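Taken from Swiss-Prot as is:
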- Gly73, Phe78, Ala124, Glu125, Arg139: S-adenosyl-L-methionine binding site (BINDING)
Amino acid sequence: MEFKNKVIAYCKERNANFLDFEKYVSLIEEHNKNINLTGFSGESLWEEGILNSLLYMNSSTKDKSEIKILDIGSGVGFPAIPYALLRENNSIDIFEPIQKRVDFLNLVKQKLTLDKVNIYKQRAEEFSQKNIYDVVVARAVGSVKTMLMAAFHLVALKGEMVLIKGPKYKQEILEAQEILSKLKVEVIVDKFILNAKENFLVRIKKLRNCPKEFPYSWKDIKKQS
């Protein structure tokens with residue numbers, strides 16, 4: 001249980017309640033038996049699910065307080081729920097389009113008393129409000145180009161979209177150049193190691209309001225993918 005022990009140590013360093021993480025993992029394992037919620041189980045649930053989510057979110061938010069965060073396509077709650085258990089003072093919204101996962105996330109919210117987490121059955125590109133969130137994250141949801149087209153309108157001015165990517169991140173940024181050229185942004189790439197694997201945080205800071213065509217419809221996003 002190497003990675004579970006790492007989460008225990010992580011919680012001790014930050015005065016977080018590890019028992020909440022155990023309850024969360026138990027809920028995932030219990031409900032995953034009957035509903036296909038995630039492919040993670042056992043040790044990979046602690047590594048790829050919990051620990052990686054904590055490292056990703058802390059790097060994305062830089063330990064800021066009193067900020068508004070959006071997690072797109074959260075599934076069973078990665079990366080938002082582990083971070084919410086660690087940092088209870090930040091407001092977190094989750095957009096998840098699949099009903100069975102929405103139901104599970106609402107159960108987790110209730111069982112773990114996550115009052116500052118809100119779950120919506122929602123696709124990002126269908127949400128018309130703009131300039132809302134200080135940090136928008138998405139893990140294994142879509143390419144840089146897709147995420148910009150679908151969700152960059154949700155990022156507040158001076159806020160950031162932060163996407164975790166592997167070694168092919170340069171190709172994704174290159175493929176997104178046409179969309180990036182329509183925006184005024186600052187793109188910064190931070191390299192960091194997750195469990196001996198090289199990962200990259202692509203941070204896209206909004207410096208000006210998005211043009212009117214944002215967000216693109218899912219039909220247009222698929223056409224340009």
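Yeah, the Cβs are placed from backbone N, Cα and C, and that goes for glycine too.
It should be emphasised that the depicted structure is a prediction, and the values quoted were computed from it without experimental measurement.
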| request: Report the largest Cα to Cα distance, in Å and rounded to a whole number, among the residues Gly73, Phe78, Ala124, Glu125, Arg139 that the record lists as binding S-adenosyl-L-methionine. | output: 20
| remark: Around the Cβ of Phe78 (S-adenosyl-L-methionine binding site), other Cβ atoms within 10 Å, all chains included, total 25
| remark: A correct count of other C-beta atoms within 10 Å of the C-beta of Glu125 (S-adenosyl-L-methionine binding site) gives 21
| field | Secondary-structure category, per DSSP, in which Gly73 (S-adenosyl-L-methionine binding site) falls | value | coil
| request: For the binding-site residues Gly73, Ala124, Arg139, work out the Cβ neighbour count at 10 Å and name the residue with the minimum. | output: Arg139
